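These come from TrEMBL:
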- 6-183: domain 'Formyl transferase N-terminal' (DOMAIN)
- G15, T16, N17: N(1)-(5-phospho-beta-D-ribosyl)glycinamide binding site (BINDING)
- R68, M93, K94, L95, L96, N108: (6R)-10-formyltetrahydrofolate binding site (BINDING)
- H110: active site, proton donor (ACT_SITE)
- D146: site 'Raises pKa of active site His' (SITE)
Amino acid sequence: MNHPARLVVLVSGSGTNLQALIDACADPAYGARIVAVGADREDIEGLARAERAQIPTFVRQVSDFETREGWDAAIATVVERFEPDVVVSAGFMKLLSQDFLDRFLTLNTHPALCPAFPGMHGPRDALEHGVKVTGATLFVVDAGVDTGPIVAQVPVEVAEDDDVESLHERIKTAERAMLVDAVGRIAREGISVEGRRVRIGAESR
Ligand code: GRF
């Protein structure tokens, strides 16, 4: 791990998780800096946030490549250029190839308490199931959908009058704090992943 740790953040949308990391990295004591922000589409607020913070950006759109494998290779190549210690997928809506995951320690946030409610609709599925507590999970990305070893989790209570939007917004507030806290600790103290057990504070990476 470099000091400060080098982060590449991948986004597909509004980028509020990215903004939380940008704000945290403004303090040198945080121990990390964002060396690039990448996206799979143009014209998103996540890229605008990076540009305002004068962070280099890149876009690789699947539709610009003849094959999905071509896109997989291109995203790995451009990320490699920035020599990240950690890649943070923060609302990035594409699955990354096994080759990418073998090359880069990649973390992702999911707006549910894994292994419950994986996939694109964590808040909706939790609400429909009638759970009283849901939350957010930070995990090491593996080949599955939201199945990787868990780094951190935060619970969020479901309110009687929640709809999908209000619940997701409250989850996102907790998710951002969890992400900032865990990524900072990883940057300062290191991380070890053995099977499904993740430990922060073990300088194995
Ligand atoms: C987050 O809730 C993330 O977990 C989910 O999409 C949302 C992204 O929000 N995959 P933002 O783009 O960081 O604002």
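Even glycines carry a Cβ here, placed using N, Cα and C.
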* Asked: Where ligand 1 binds, which of the recorded positions G15, T16, N17, D146 are close by, with Cβ under 6 Å?
  -> G15, T16, N17
* Structure fact -> Same-chain residues at least 6 apart in sequence with Cβ under 8 Å of the Cβ of N17 (N(1)-(5-phospho-beta-D-ribosyl)glycinamide binding site), in sequence order, are V11, V88, A90, G91, T109, K172, E175, R176, L179
* Structure fact -> DSSP output for H110 (active site, proton donor) maps to strand
* **CB within-chain contacts under 8 A for M93 ((6R)-10-formyltetrahydrofolate binding site), separation at least 6** => S12, G13, D40, M120
* Which whole-number value in Å describes the distance between the Cα atoms of the residue listed as 'active site, proton donor' and D146 (site 'Raises pKa of active site His')? -> 7
* Pick the one among the recorded positions K94, H110 whose Cβ has the fewest other Cβ atoms within 10 Å in this structure. => K94
* How many whole Å apart are the CA atoms of K94 ((6R)-10-formyltetrahydrofolate binding site) and D146 (site 'Raises pKa of active site His')? -> 12
* **Sparsest-packed of the listed binding-site residues (L95, L96) - C-beta count within 10 angstroms** => L95
* Asked: Which residues, sitting 6 or more apart from R68 ((6R)-10-formyltetrahydrofolate binding site) on the same chain, put a CB under 8 Å from its CB?
  -> V62
